[in-house]
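Novice: What TrEMBL records for 11-453 is domain 'Major facilitator superfamily (MFS) profile'. Among the features that TrEMBL reports, transmembrane segment is placed at 12-35, 106-127, 133-154, 166-189, 195-216, 336-355, 361-382, 394-415, 427-448. The region 'Disordered' annotation in TrEMBL covers 457-477. What TrEMBL lists as compositional bias 'Basic and acidic residues' is 461-477.
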Amino acid sequence: MASGCLTCVQVLNIMVLLGFMLNYALRVNLTIAIVEMLYDVNDNQTAILNVTDSLNVTEHPEHIEQTRYHWDTKQKNLLLGCFFWGYVLTELPGGRLAEIVGARRVFGYSTLLASVLTLLTPSAAAIGFGWAVAVRVLLGFLLGATWPAILPMASKWIPPNDRSKFMSNMMASSLGAAITMPICGFLIAHFGWESAFYFTGLIGAMWSVAWFAVVYDTPADHPRISEEEKNYLMEVLPQDNTKKKGHMPVPWRSLLTSPPVWAIILTHATSVFGYFTVVNQLPTYIESILHYNIKHNGLLSSLPYLGKYLCALASSVLADSLRKSEKLSTTATRKLFTGFAVGVPGIMMLAQAYFGEDRVWSIAIFTLALTINGMVTAGYLGNGLDIAPNFSGTIFGLANTLSSFGGWLSTYMVGELTKENNTVDQWRIVFFILAGTYVFGAVTFVTLGSGELQPWNSPKEVAREEHEVEPLNEEKA
């Protein structure tokens, strides 16, 4: 590569950052759009389709005509939660598939097809509620493979002491939500809720084309990498027999009985349970409890996501610096940042339970809680690369599979608690539950977590060593 150009690692960082921004843009567009998709059941006027926005409780700068649907609160939460039905099915296969065939294809094709489905969402909703649910399930099925797929790519491209910063790119999903919420709020207010899906779907399709043009699975595969960068990466990240390693059998017994693995799985499940509850329900809470209109809703809903990304970036730089300077071990670093990232939001949810009715306090608490949660990138999120880089995709797939059930459970929980009485008291119960799950996750990782490479990461080498030891013992005997 010519002097002054971006390195391939820098290009990869940019594309992964943009990819995860789009990942959440394709996901959260519904959470802001659904506020305007539904007919106001509290309105005493006769329900009709193709009504003007004057029949809605939210205000718009202009009158626009758009289709609205007579879906009740239970159907609304079903539509928000059904994404996870598909999402849970591809977490583990997605991580393992990326270890075998490469993250380039898994991440790229999943995002491309998800973008196409997003473009089709308004048409599916027009056909019927069941079709809208089906599209969301398929969207979850495709996007479920993307998160665990990126860790195997990191093991081939990113040096160990730079991996916290790389993992912060995954938190660009929060940045994507922060940008998507206000943009979609503006588009919906001026052009109708359908525009939120057309905008995010088109951007996602454009990114997918760029991804296949500039990203490759390994330095050896990249046709435009400089010899200097390639040799450096091959030196710090030995990639001999890469193809064979992709087909290395998973040591399931060792993996599933490993305390550090379960520390990642359980902590991720509790953290994501809280995060998805906020992701899916914050716009509804702001509209129904705090009574902000759609444009303010989109802006205010974006604040926690923006804070989370900025915190993820800052904490990741700090974590890598602490490890490089050897001021903290990898284990101490992961436990310290995870404890803050998952434990403090639990305390914030207790505060939300008591001050959540106040507009200023509520927004401030939500923003602070999700901001601090961004520290997970310096904590458990990339911990699979520390303890077992050869099976990091599989570990993250397991963790995200369990957390996906939590994502569905959170929408079901809120739906059941608020379907009859959407009041502050019912939401207070939600916040108490979130506080307990967050604290449990923090304690679990601090107790069981580790940053040390596990011996079962290279099962073939372990087996070979054991085979070599046996003849020596026989000779001594």
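The backbone N, Cα and C atoms fix where each Cβ goes, and this holds for glycine too.
TrEMBL does not curate its annotations; it predicts them automatically.
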Novice: The transmembrane segment (12-35) and the transmembrane segment (361-382): do they have three or more Cβ pairs under 8 Å, with pairs 6 or more apart in sequence?
Specialist: no
Novice: Which of 106-127, 133-154, 166-189, 195-216, 394-415 has the most Cβ pairs closer than 8 Å to the transmembrane segment (12-35)?
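Specialist: Most contacts with the transmembrane segment (12-35): 166-189.
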Novice: Residues sitting near the transmembrane segment (133-154): Cβ under 8 Å, six or more positions beyond its termini, same chain?
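Specialist: Sequence-remote neighbours of the transmembrane segment (133-154) are 12, 16, 19, 23, 26-27, 30, 78-79, 82-95, 97-99, 102-104, 106-107, 110-111, 113-114, 117-118, 120-121, 124, 163, 166-167, 170, 217, 382, 384-385, 392-397, 400, 404.
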Novice: I'd like to know the mean pLDDT over the domain 'Major facilitator superfamily (MFS) profile' (11-453).
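Specialist: Taking every residue of the domain 'Major facilitator superfamily (MFS) profile' (11-453) together, the mean pLDDT is 84.
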